[in-house]
Amino acid sequence: MASKVLRAVVLGPPGSGKGTVCERIARSFGLQHLSSGQFLRESLRGGGEVGVLAKQYLERGLLVPDHVITRVMMTELEKRRAEHWLLDGFPRTLGQAEALDKICELDLVISLHIPFETLKDRLSARWIHPASGRVYNMEFNPPHVHGIDDVTGEPLVQREDDKPEAVTARLRKYKDAAKPVIELYKSRGILHSFSGTETNKIWPYVYALLSNKIPPLRSEEEH
């Protein structure tokens, strides 16, 4: 079982704890955690053609369109054909899922379902360090010094779309785009959904699911 390369995706709305779940899976099972946000930031810093394209959208406060983020992700995935990996933040739309189909076959899709009110509260309390993408939550993961990044000492910012008035529209937009993606993976029999308000309570079920696919490197108790 371990000889087969495992390809997995974690889906979930903004604020669902996707990043935390992905980091735990990566540590426990040795999968590479591939974050679309991280690759996008790297392409912006690199200043190549795709980075320049993405910057034009981000500077105007627009979502980076499918064809741009797909190019970023396909380039990165092509480099990792022989590795176990876990995608975070991609695919977000049916078009992105179809592009992914052309280069690989997924083994497992984990979908996180978190109540709307919980997501709203989490996002409204979220502040980030723009350069690194480090995320803080003022309620359960605050910085050591209020408003300051723990590592660099630089100021944190609240993204426009994390402000309370923008959150509802953002979550609705995610739901509309994600619905056909979820239906696609459900129809293939590879979708596994987990519901709850706390990552720590969802995690044991995710761990058990992955343990049936690939031997863990470390036990669940180590978290």
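Even glycines carry a Cβ here, placed using N, Cα and C.
Unlike curated entries, TrEMBL annotations are predicted automatically.
Taken from TrEMBL, the feature ribonucleoside 5'-triphosphate binding site applies to Gly15, Ser16, Gly17, Lys18, Gly19, Thr20, Arg126, Val135, Tyr136, Thr199. Look at TrEMBL and you will find 35-64 tagged as region 'NMPbind'. Taken from TrEMBL, the feature AMP binding site applies to Ser36, Arg41, Leu62, Leu63, Val64, Gly89, Phe90, Pro91, Arg92, Gln96, Arg170. What TrEMBL lists as region 'LID' is 125-162. Under the heading domain 'Adenylate kinase active site lid', TrEMBL lists 126-161.
All features noted in TrEMBL, drawn onto the structure.
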residue	record	contacts (Cβ under 8 Å, 6+ apart)
Gly15	ribonucleoside 5'-triphosphate binding site	Ile114, Thr118, Leu119, Lys120, Arg122, Leu123, Arg126
Gly17	ribonucleoside 5'-triphosphate binding site	Leu112, Ile114, Thr199, Ile202
Ser36	AMP binding site	Ile69, Val72, Met73, Leu87, Asp88, Gly89, Phe90, Arg92
Leu62	AMP binding site	none
Val64	AMP binding site	Leu40, Ala54, Tyr57, Leu58
Tyr136	ribonucleoside 5'-triphosphate binding site	Arg126, Trp127, Ile128, His129, Pro142, Pro143, Leu156
Arg170	AMP binding site	Pro14, Leu123, Asp161
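Less than 8 angstroms from the CB of Gly19 (ribonucleoside 5'-triphosphate binding site) sit Ser35, Asp88, Val135, each of them six or more residues away in the same chain. Residues Gly15, Ser16, Gly17, Lys18, Gly19, Thr20, Arg126, Val135, Tyr136, Thr199 are listed as the ribonucleoside 5'-triphosphate binders, and the farthest two of them sit 16 Å apart at their Cα atoms. Spanning the listed AMP site, residues Ser36, Arg41, Leu62, Leu63, Val64, Gly89, Phe90, Pro91, Arg92, Gln96, Arg170 have a farthest Cα to Cα distance of 21 Å. The most densely surrounded of the binding-site residues Arg92, Arg126, judged by C-beta neighbours within 10 angstroms, is Arg126.
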